[in-house]
């Protein structure tokens, strides 16, 4: 295999939140008091440990996720960004994203994060409807959301925010109206997610006992198409299942996941995949923040699971991520990243059937992509397509 | 040594409808004659199998030898033969009856005669039995002994004026029953000096003794060490043990004429012992076997498949074990594209099918799926050849088909007059031909000829529902007749699902085909592609439904941390596909077919 040095994407997880949202199944924890110095030091130590392992390489992006990383002090973020710049070769236009909630406390600190090196913010707005914000268990109101968006636009060159739609009883017309209002406030990127009931969440319990129902099937499909239509009207293109951007404004960090690139994951519960000497090493870290920190303090890292993925698994992962993108996959890259020729990674008869049904299409550049109708049914399509 | 003089022996059976008290009466007779101590008594001593006791039916013939000092001062040997009471086992019943000289006809004094009683009592009359009517449950407030006596005389034509009035439950007048057996039933006849001739009544497998044969000696003796010959097969065995049932097996030196008892002879499976066969002495064989032997022939067939494909071997072993004890059901391996590996099984009737299925799930802990039962058709081809069709999948091409014959039954249905209308409508809808309609008081007795294939398809359930459970039903096979029968194939995504194909009369084809298509539409989950579901006769589609493609199925959020999770989910889905059956580019979960077949049953 040719020695291709992929630029790295670096993910840093801050596992604390002020409250657990009822729909969220991310690794987040609520604590009365967080020993910021301890967790900041542990993050820096784990970063140094992994950097020594993968060696010096180009660094394309940093992403502070969580949890709520905007609860971290800007100084901690600054130290981590500085470490990363020193340990790797940062790209000249390196993307540094911070997830933040639109509460007034966090908004007041956005400028300090910019000074720390953050150049892109992703705000958890979730809705521009008061009742919906309450239903979603958010700690901000519509006014705060708008204020945060306006502040962030002035501070950061690049800005994205999240909305959750296909909520219980949400009519298409109401969603279109809410989305148009959001688009008017948007900069160059939006993440628009249909509400999903994740196991183990508070919503799973409520939904399970019938407290509310979600739009499903044809209704959900209609909302999805309406979303893409409204976004396109504002020049935002659907480049991934739930992500919309102006051309060139796509999240470079998230593209690394979808293009099955190399990424480091630092912090409690973070995942990492790096191709090292031809082997794709997948790493998962301890989820409990205190235990994670204790392990890092003892041994420099808190990996609890590490395996070299088999070529067939790599091919599956590369395809299941890549077909989420409007650009689709490049068969040559699938082979380069997995070691499995594309023709062996898919079932040829099903590929033909899916092409025939217009769920999949070849581009002129020789890439395979899921059509809009195909992306809408991707979870059903993958198990039949992939070997 | 059993050298009881013939005139001190009485061999008898008990004829009764389910729940009319046969087993309770048998228990009381055993108790009254002291065959078992109070400690040994348990309810329904003779029904050994859990399933027999639970459903109140007898599957295997059983016998018990009672000793009764009668009022005339002599001590009699009474052999009670408990016989299967269901039409599926009609042949076994006839052999049991052939082993006796008389019967007690037990009728519930509050319920009266039922269809099943009728069929069995006629068989007993055919067997030349003396019959003593016994009215049970006369202690119940609802008992109407006079009305029921009248009914016995009107319907059966038996003199019921001195019917024995009892309550088996309370033990009232059990002595009267014992005296009636001694005084009113004839002793057996037989010749002690003639060559050995014994009727093989039934047999079963015992883990310690091997096959145990229940016999009725007609002439001569059966002795330990004797070489015996089965006259139908010519097989020769050496007797290891003879004895009587008290009801436990008690060895004796020999069994003499008129006696009932058992024989063991190192026989490994019951398939080597044919009910109705004649056992004779190998060195001095009888010239002629006893009349009436016929091999058992399955009349209803269906496919049995394990729900979990991994259970196939276990199913094979379980069927083999069951067959050790029941030679009347048949099985052979078969493969279905929809259901995988399984067995084509033949049964004596629907109850027999149900019992075997239930025993497989209960005693062997198997989760099974049965295809729709099929009767045995006689398929005549244009080249003059005829074969028996057990499986609709084996139906030949229309071009070589000349005509088909189907089995008919003669059904007897007894029911309160109020439900006559709907029951007549049901019989007519099922192509029935009315033979007779008579009344006994407010109860109607209907005799119908019906095609068996109309009966195996939910007839009992419909009869029960249209008569609110008041109709009783019994039938006997009544020959074959030509019929306009067609094979209906069910196609999913234009490919036939073998397990769902079935035979039906042309007049029923469209309705039945439509039913299955609608059912499958409900059961098959929507997929990436739209799926046509069709019912067809040959190339002609008679019913059609379409399952539209699913409209949305995609994970909203998927980032770096989710890759492993998504891959593992994908692997699980692929694993799940092993339980799917491929129909072109669509894969249908086997569970959908299983559900479709379960709804049929």
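Our numbering is plain: 1 for the first residue shown, then up by one each step along the chain.
Each residue, glycine too, has its Cβ placed from N, Cα and C.
Quick look at what TrEMBL lists:
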- B:19, B:20, B:21, B:22, B:23, B:24, B:136, B:137, B:138, B:139: GTP binding site (BINDING)
- B:7-189: domain 'Tr-type G' (DOMAIN)
- Query: Per DSSP, residue B:23 (GTP binding site) is which: helix, strand or coil?
  - Reply: helix
- Query: Between the binding-site residues B:23, B:136, whose Cβ has more other Cβ atoms within 10 Å than any of the rest?
  - Reply: B:136
- Residues near residue B:138 (GTP binding site) by Cβ (under 8 Å) yet at least 6 apart in sequence within the same chain, in sequence order, are B:109, B:145, B:165, B:166, B:167, B:172
- Do you know which of the binding-site residues B:19, B:21 has the most other C-beta atoms within 10 angstroms of its C-beta? B:21
- Once the DSSP letters are reduced so that anything not helix or strand counts as coil, what is residue B:136 (GTP binding site)? strand
- Average pLDDT across the domain 'Tr-type G' (B:7-189), rounded to a whole number: 83
